[in-house]
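Engineer: Annotations for this protein, taken from Swiss-Prot, read as follows:
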type: MOD_RES; residues: S2; note: N-acetylserine
type: MOD_RES; residues: R23; note: omega-N-methylarginine
type: MOD_RES; residues: R23; note: asymmetric dimethylarginine
type: MOD_RES; residues: R30; note: omega-N-methylarginine
type: MOD_RES; residues: Y43; note: phosphotyrosine
type: MOD_RES; residues: S56; note: phosphoserine
type: MOD_RES; residues: S66; note: phosphoserine
type: DOMAIN; residues: 89-400; note: domain 'IF rod'
type: MOD_RES; residues: S102; note: phosphoserine
type: REGION; residues: 281-396; note: region 'Coil 2B'
type: REGION; residues: 381-391; note: region 'Epitope'
type: COMPBIAS; residues: 471-534; note: compositional bias 'Acidic residues'
type: MOD_RES; residues: S472; note: phosphoserine
type: MOD_RES; residues: T526; note: phosphothreonine
Amino acid sequence: MSSFYSEPYYSTSYKRRYVETPRVHISSVRSGYSTARSAYSSYSAPVSSSLSVRRSYSSSSGLMPSLENLDLSQVAAISNDLKSIRTQEKAQLQDLNDRFASFIERVHELEQQNKVLEAQLLVLRQKHSEPSRFRALYEQEIRDLRLAAEDATNEKQALQGEREGLEETLRNLQARYEEEVLSREDAEGRLMEARKGADEAALARAELEKRIDSLMDEIAFLKKVHEEEIAELQAQIQYAQISVEMDVSSKPDLSAALKDIRAQYEKLAAKNMQNAEEWFKSRFTVLTESAAKNTDAVRAAKDEVSESRRLLKAKTLEIEACRGMNEALEKQLQELEDKQNADISAMQDTINKLENELRTTKSEMARYLKEYQDLLNVKMALDIEIAAYRKLLEGEETRLSFTSVGSLTTGYSQSSQVFGRSAYGGLQTSSYLMSTRSFPSYYTSHVQEEQIEVEETIEAAKAEEAKDEPPSEGEAEEEGKEKEEAEAEAEAEEEGAQEEEEAAEKEESEEAKEEEGGEGEQGEETKEAEEEEKKDEGAGEEQATKKKD
């Protein structure tokens, strides 16, 4: 996926101010360290890339050859459906483009905010401001990043809702497709039944035709038999006439009987002919009616078959249209899913990048806070030494003010010798011993409170970082090791401090033995300072134990 940014979005003034920021080197002002620490440089300009969103729609040209056979009403309905679907797709694309533009604007805003925060961080590093400002600044940045993450989560949920809606539409189309498949199977079943009926009607017609042929043969046979019978009867009648004529002379009384017999046979022949004609006519009528009925049934079956074929063709075209629509929607859904996944991955990369930057910034802040604490300790030690020197000078001045004018030179020489010895011994001791020996208790407690506040700030920053990113097993082990090492270092420092304190006490006792006479007030002051030192040490140890607990 292409990046969200392009070069035309940035003007020359913006590049000059934020993108092309020169590298700033910050040297630590900590005494005793000569190495310089270089501050981090601003982030490079975002990689330019062009953004292109291309959408492809499935054309309806493949449906035109099949739509020519449909009615005008069906064509109008299908065109209306296609228009409504196209308008819906255009609306969805417009909505997605608007959201994409809002995402781009949000990314630019976050980048600008990041640049502003980087500039503020550089200014704060240069000024060495208080750690509390850093904390408030980064807490605000963390809140902004969390709000941005929540917005991205909400957008993701909205896109998931749209995806669920598209899936519901797809399920509806699949259900409709299944219904159309069932209706097609029903139509095919009815078509098979109609075909079976047509086949049965054709078989019945063939049987009836065969029966008609057999009946016609039977009629012809009966006609032939009837004609033969008539011929036989006529032959018998002629033979009877001949015999009657031959016997007229001998038997004149048989003519009436022959006439009666002839009349009877003629009546019987006429009756047989009439019965045969009536039976033939009735049989022919029945066969004609049955043939007409079968013809109507065959015609109805043919009409039903043609209607079923037309319906099957229409349903097939509709199924193909639904299938094409389904494929187009599936393709669109796949494209939307790919785009959403790409957007989500890009947003996740941005969030991870911001989290990494925040983590590095927090680590740098912790490092700078530690350096600040070290500098504060050095400053505190220097202030303690200055206060000790000031107190020694004030003690000398007060002591000299009460001496006589005659012993001014002697007292001044003794005090200068004592001051030289004490100053030389104080310079030999460490700054930490000087601070615990002769600095006022309220100032020491104030410095300790500042140290505790700085340490609490560092621990709070580490705790927030740990909350924002849950540590893995390896990180947890490393943190445990670091804690153990820190505890071991703290214990070693405490032991070294105790050893130094013991050595300082020994040196002080030796110096106290050497400094005899004229230093009673200084001895009392050193005793008071030692008592205050012990009290401060007890209070510091109590605070350290409470902090460890």
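Numbers here mean position along the shown chain, with the first residue as 1.
For all residues, glycine too, the Cβ spot is worked out from N, Cα and C.
Can you tell me where each of these features sits in the structure?
Structural biologist: Predicted-model confidence for the domain 'IF rod' (89-400) is 81, expressed as mean pLDDT.
Mapped onto three states, the DSSP output places S102 (phosphoserine) in helix. Within the same chain, no residue at least 6 positions away from S102 (phosphoserine) has a Cβ under 8 Å from its Cβ.
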Engineer: Just to be sure I understand, if DSSP states are collapsed into helix, strand and coil, how many residues of the region 'Coil 2B' (281-396) fall in each?
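Structural biologist: Counting residues per DSSP class in the region 'Coil 2B' (281-396), I get 116 helix, 0 strand, 0 coil.
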